[in-house]
Amino acid sequence: MVSKLIKLFYQLCGVIDVATISAANFLISFFIIRELGPKDYAVYMNFFSGLMLISTLQNAFFHTTLSVKYAKISEYEIKIRKSNALCVFANIIHMALIVPAFFLVKYFEFENSLFFLVYCSFFLYLSRDLYRVYNYVFELRGTIVLSAIVSLFTTMLGLLYLFFNESDVTLNYIYLVSIISGVISIVIITYKLKFRLPTISEMKVSYYDLWSVGRWSSVGSLATWAQNNSYTYLATLIIGVEATAVLAIARLIVMPINLVASGIYMSEKPRWAKLYKNDKNILKNVSVKIILSMFLFITVYSILVLSNFNYIEMIFETKVRFDLLCCWLSVCMVQVFKFSNSNILNVAEEFKYLAVMGVIVSTLGVAASTILGTYYGAIGIIVGYLIGELLHFCCSQYKIISKRLFYAN
């Protein structure tokens, strides 16, 4: 009985991990809306989407190399040496990118060093995300869950302290809470890992591995970033900051769906890479089960949200547009299939196809959002985004079928 419970816990680790991270992100966004107002939240979202560009590049080069290329290595010593060198490589880049923050703060004279706090918070997030993938590759799922839960409680306690003890809450304080949470999370997620300085030759191998994977996956990831964040920068340009806030608030309500879906597929990627190498029939069954589970989750979530719409407006203390919320829920439905197909093409190492398709699809999606947004406002921007997601799913599905990727090994 105990062994079955332990097995179930490890199977649900990915869900628990992303659920806690989703909760922490949701709490911060909710706190900003309640305490600082929708307009400041729109500014925050634009700033955050810009920073996520760096996260997208890290995902393309480092996460994909770890979870796809290195996850397939069967010899443990080779696997750990390569993964260790890659993480050291990433840490060097993280440290190098923090240095310019000091000069930017001084040059632009940011009040209360907000920029520096955002910068530090974000690179702690990058480091934590890197080691989450590392732990998934080596099946250290319990450590990931512990780190995520402690991080969530730290965030909750920090925000509660601000709510009850600070009369003048600013973004500075919120990002300080995020930094403290990030430091604690990284300490927990790395304390079991045994690192050593890699040799020059190992670093060279890491560089070539990163380049072989990232040269195409980065193009596809950048195109996806342009598509995924079009609702922030396009909305700001076309309909203004305040209207963008209304759009972003509706997006926040469905954020848990997106974070859970993307997180589960991220945690499953190393496993899918091994299955693609060893047994494609099992991979097909696993992917179908996850799609059905996510579809059921989104259906239940949608019913709960739409049936309690008035109550949600009371909690947020701001106006939420019902039509925008319905459109975002439709996007989430399509993304379940899109994320699954993207994972399959990634583990099949179809990086070039993903890159070319991503550029074409994101261009069409952004163009659709621009045209429809100009004529129909916020609703047009989301419909354009939905068109882009549908195109991505159709093109990726065509590739999976035409290349017969699920045929037995």
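Using N, Cα and C of the backbone, Cβ positions are placed for all residues, glycine too.
What TrEMBL records for 12-33 (among others) is transmembrane segment.
The transmembrane segment feature in TrEMBL is assigned to 45-64 (among others). With a cut-off of 8 Å between Cβ atoms, the residues of this chain six or more beyond the transmembrane segment (45-64) that come close are 86, 89-90, 97, 118, 122, 125-126, 129-130, 133, 210, 213-214, 217-218, 220-222, 224-225, 229, 232-233, 236, 244, 248, 266, 346, 351.
Residues annotated as transmembrane segment in TrEMBL: 85-108 (among others).
Per TrEMBL, the feature transmembrane segment maps to 114-131 (among others).
Sequence annotations record features per position, and here TrEMBL assigns transmembrane segment to 143-164 (among others).
As annotated by TrEMBL, transmembrane segment applies to 170-193 (among others).
Feature annotation from TrEMBL assigns transmembrane segment to 232-265 (among others).
The transmembrane segment annotation in TrEMBL covers 286-309 (among others).
Here the transmembrane segment (351-369) has Cβ contacts under 8 Å with residues 64, 213, 215-224, 226-227, 230-231, 234, 342, 345, 380-385, 387-389, 391-392, 395-396, 399 of the same chain, all six or more residues outside its ends. Taken from TrEMBL, the feature transmembrane segment covers 351-369 (among others).
Look at TrEMBL and you will find 375-395 (among others) tagged as transmembrane segment. Here the transmembrane segment (375-395) has Cβ contacts under 8 Å with residues 227, 230-231, 234-235, 238-239, 243-244, 246-247, 321, 323-324, 327-328, 330-331, 334-335, 337-338, 341-342, 357-358, 360-362, 364-369 of the same chain, all six or more residues outside its ends.
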